[in-house]
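Undergrad: I have a structure here, written as C-alpha cells, and I will follow up with some questions on it.
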C-alpha cells in the first residue's frame with residue numbers, strides 16, 4: 001500500500017477523539033499531547049551518520065511536533081533494536097527481547113555485505129550517549145520503551161514517542177481568512193547543511209543545523225495562545241504551508257522575498273530567486289509555521305511571510321509580483 | 001550491546017519518575033499507564049504468519065501489559081513500515097514518510113531472495129483488517145502513529161504503544177512475605193499451540209491460544225485492588241514468577257501440581273511432571289500472575305499455585321515434594 005492508502009485504511013478503524021481524525025501530527029489526551037516518529041536506516045539517516053546525531057535528530061523531530069502544539073515535553077518512550085552481529089554460523093539469530101515465544105525460532109535471513117566493524121561496534125553506546133545529550137539539552141526524561149533483537153544486516157528501525165503537556169494546542173487546521181502566515185527563525189539552513197554534508201563546500205554550522213536541529217519549544221509555548229493554527233516545517237516551507245491552508249479550507253499566498261534567510265545561508269547559496277526557492281522547498285528546518293491575525297504583537301519572534309485567503313492552493317509572489325510555483329514544493333510522501 | 005547492557009545504559013539517562021526505574025513493563029503518568037512493544041519479522045513472527053494474527057498479537061501483547069496494571073485501555077499508537085516492493089531497477093528505494101529530507105537519498109541495500117508476491121501483496125491490507133478486529137474486540141481506539149518506508153527485503157519492525165487508565169496500578173515489585181502466588185486461566189496452551197503450528201498434530205483451539213491470545217483486561221481490573229504485585233505471563237510461568245520474586249526481594253515456591261492446565265492441554269501433552277514443566281516454561285500465555293494475601297476472596301478467578309517466602313530464588317515442588325528446577329525456566333532475553 002502507499003502511505004495515502006494506508007492512512008485511508010487507518011481512518012476507517014475505530015478512532016479515538018484525541019486522534020483528531022489522524023489529520024494532525026499529534027494526539028491529544030487529558031491535556032497531554034502525544035506524538036511518535038520512526039527513523040529507518042538508509043531512509044531517514046545514512047549508515048555512516050554519527051549515531052549520536054541520529055539520536056539527537058530523533059528526539060528533536062518528535063519534540064518539534066510538541067513545540068508546534070505549544071506543549072512542554074514531559075517524557076519519551078524509545079523502541080530500539082539491538083542488531084545481531086554477524087555470527088560465526090550464518091543464519092543464527094540472537095534471541096528475542098519482547099514478550100514472545102517466537103523468539104526462540106531460528107530463521108536464516110538474506111546475508112549481504114557484512115556491516116563494517118567500525119559501524120557496528122559502539123553504535124548502540126554512541127546512540128545512547130547522543131540520547132543522553134539530547135534529553136538533557138531539552139530537559140526531557142525517559143519514560144520507558146522496548147528493546148528488540150534485529151537480524152544481522154537488517155536496517156535499524158528506531159521509534160520514539162514523545163509526551164508533553166499543553167493547556168491549549170493549536171491544530172494544523174485552524175487558519176482563518178485574513179490571518180497572516182508567520183515562520184520562526186530562518187529557513188533553508190538545514191537543506192544547505194545537507195548539501196555541505198554531501199560534499200559541497202560551506203560552513204560547518206549549516207551542517208549542524210541539519211544534523212542537530214533545535215525544536216522551537218520556547219517559541220511554540222509562547223506563540224500557541226495567539227496561533228489559530230500551528231505546525232512545524234519539516235518537509236519544506238512551501239509544502240507545509242500549503243498543507244496548513246488545505247487543512248484549514250483556505251488558500252495561502254507567500255512572498256518569497258519575505259522568507260527569512262540566515263547570513264550563513266546567503267553566503268552559501270546567495271539571495272536570488274533560485275536561492276530563495278531552494279530554501280523554501282528544502283526540508284528539516286524544524287521551525288514553526290503559524291497562522292495568526294496580522295499585526296498583533298506575538299510573544300516570540302516570528303516573521304510574517306504571507307496571508308491566508310479564501311479559495312484554495314498556494315500562490316507565490318516575489319516582492320509582491322506573482323511568480324510560477326516551482327515543480328517541487330518540498331518533500332512529498 | 002546486549003539487552004542487559006543497553007538497559008543499564010538507559011538507566012543512567014535522565015529518568016522520569018513515572019518510568020519506575022525502568023523496572024516494570026509500564027510507565028505511569030497522571031493516572032495513565034503507558035506501555036510499548038515492538039515486533040520484528042523473523043524474530044517475533046514468521047514471514048508466513050497470517051498478517052491479521054500478527055496485528056492481533058501486537059495489540060494483545062500490549063494490552064496484556066495494561067491488564068497487569070488493572071488498566072482500562074484508552075488508545076493505541078502504531079508505528080508501521082510500508083515496505084518497498086522489489087522495483088524494476090534494483091537499489092532504488094521508495095520515498096520517505098516521516099519528516100526528514102534524508103528521504104530523497106537513494107541507497108542500495110543488500111538484495112537477497114525476493115519476497116514471494118503472495119507475502120508482499122495484500123500484507124498491509126490484511127494487517128489493518130486484523131488491527132480493526134483486535135481494536136473492536138478489546139474496545140480500544142487508534143490515537144495516532146507514524147508510517148515510514150522500509151527498504152526492499154528489510155524485515156518489518158512494527159511498534160505499538162498502548163495507553164490506559166488505572167486508579168491504582170500494582171507493580172511487579174510489591175509481593176510481600178507470606179503472600180500467595182496466583183495465576184489466572186490455564187498455562188501452557190499457547191506453547192502447545194506453537195508446537196501444533198509447527199507441525200505436531202493437535203487441536204486448532206490451542207493454535208488459537210498461541211496466535212490470538214486474550215489479554216486479561218477484565219480480570220486485571222478486578223484483581224488489581226487486591227494485588228500487592230501483578231505482571232503478565234509472557235516468557236514462561238516459572239521465569240516470570242522468579243522475576244516477580246526477585247523484584248520484590250523475596251523467594252517464591254511454586255507447586256507444579258497446582259498449576260492450572262486446560263483439558264485440551266492435558267489431552268495434547270498429558271498431565272505428568274514433564275508435561276507440567278513444559279507448560280510452566282512455555283511462553284505467550286498472557287495470563288496474569290499476582291501476589292495477594294493467601295485465602296482472601298478475589299474478584300476474579302485465579303488459582304493459587306505457590307507462596308512468597310523470605311530469601312531468594314525459585315523453589316519448585318510437585319504435590320509438596322521439592323523437585324529439581326528444569327534447566328530452562330522460560331524465555332530468557
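Positions of Cβ are set from backbone N, Cα and C atoms, glycine also.
Pulled the feature table from TrEMBL, pasting it below:
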| type | residues | note |
| --- | --- | --- |
| BINDING | B:25, B:35, B:65 | Mg(2+) 4 binding site |
| BINDING | B:36, B:37, B:146 | Mg(2+) 1 binding site |
| BINDING | B:37, B:65 | Mg(2+) 2 binding site |
| BINDING | B:44, B:284 | substrate binding site |
| BINDING | B:145, B:146, B:172, B:234 | ATP binding site |
| BINDING | B:235 | Mg(2+) 5 binding site |
| DOMAIN | B:26-83 | domain 'PurM-like N-terminal' |
| DOMAIN | B:104-165 | domain 'PurM-like N-terminal' |
| DOMAIN | B:176-265 | domain 'PurM-like C-terminal' |
Undergrad: At the level of the C-alpha atoms, what whole-angstrom distance separates residue B:235 (Mg(2+) 5 binding site) and residue B:44 (substrate binding site)?
TA: 12
Undergrad: How big is the ATP site in terms of the longest C-alpha to C-alpha distance among B:145, B:146, B:172, B:234, in angstrom?
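TA: Spelled out: the longest distance between any two Cα atoms in B:145, B:146, B:172, B:234 is 31 Å.
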Undergrad: Give me the Cα-Cα distance between residue B:65 (Mg(2+) 4 binding site) and residue B:37 (Mg(2+) 1 binding site), rounded to a whole Å.
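TA: Just about 9 Å between their Cα atoms.
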Undergrad: Any idea what the Cα distance is from residue B:35 (Mg(2+) 4 binding site) over to residue B:172 (ATP binding site), rounded to a whole Å?
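TA: Pair distance, Cα basis, whole Å: 14 Å.
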Undergrad: Determine, to the nearest whole angstrom, how far the Cα atom of residue B:284 (substrate binding site) is from the Cα atom of residue B:36 (Mg(2+) 1 binding site).
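TA: Cα-Cα distance, residue B:284 (substrate binding site) to residue B:36 (Mg(2+) 1 binding site): 16 Å.
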Undergrad: Would you identify the secondary structure of residue B:37 (Mg(2+) 1 binding site) according to DSSP, in three states?
TA: strand
Undergrad: Would you mind listing, in sequence order, the residues at least six apart from residue B:172 (ATP binding site) in the same chain with a Cβ closer than 8 Å to its Cβ?
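TA: In sequence order, B:23, B:24, B:25, B:229, B:230, B:231, B:243, B:244, B:247, B:248 meet the Cβ cut-off.
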Undergrad: Cβ within 8 Å of the Mg(2+) 4 site centroid (B:25, B:35, B:65 excluded): which residues?
TA: B:24, B:26, B:33, B:36, B:37, B:62, B:64, B:66, B:68, B:69, B:162, B:232
Undergrad: Take the Cβ of residue B:37 (Mg(2+) 1 binding site) and count every other Cβ within 10 Å, whichever protein chain it belongs to.
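TA: Around residue B:37 (Mg(2+) 1 binding site), other Cβ atoms within 10 Å: 28.
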Undergrad: Looking only at the domain 'PurM-like N-terminal' (B:26-83), what are its DSSP counts of helix, strand and coil residues?
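TA: The breakdown for the domain 'PurM-like N-terminal' (B:26-83) reads 17 helix, 26 strand, 15 coil.
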Undergrad: Could you tell me the C-alpha distance between residue B:44 (substrate binding site) and residue B:37 (Mg(2+) 1 binding site) in angstrom, no decimals?
TA: 11
Undergrad: Enumerate same-chain residues with a sequence separation of six or more from residue B:234 (ATP binding site) and a Cβ-Cβ distance below 8 A; give 'none' if the list is empty.
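TA: The answer is B:61, B:64, B:240, B:283, B:284, B:285, B:286.
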Undergrad: For residue B:145 (ATP binding site), which DSSP three-state class applies?
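TA: Assignment for residue B:145 (ATP binding site) reads strand.
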Undergrad: At a 10 Å cut-off from the C-beta of residue B:25 (Mg(2+) 4 binding site), count the other C-beta atoms across all protein chains.
TA: 25
Undergrad: Once near-sequence residues are set aside, which residues in the chain of residue B:145 (ATP binding site), 6 or more away, have Cβ atoms under 8 Å from its Cβ?
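TA: The answer is B:77, B:78, B:79, B:80.
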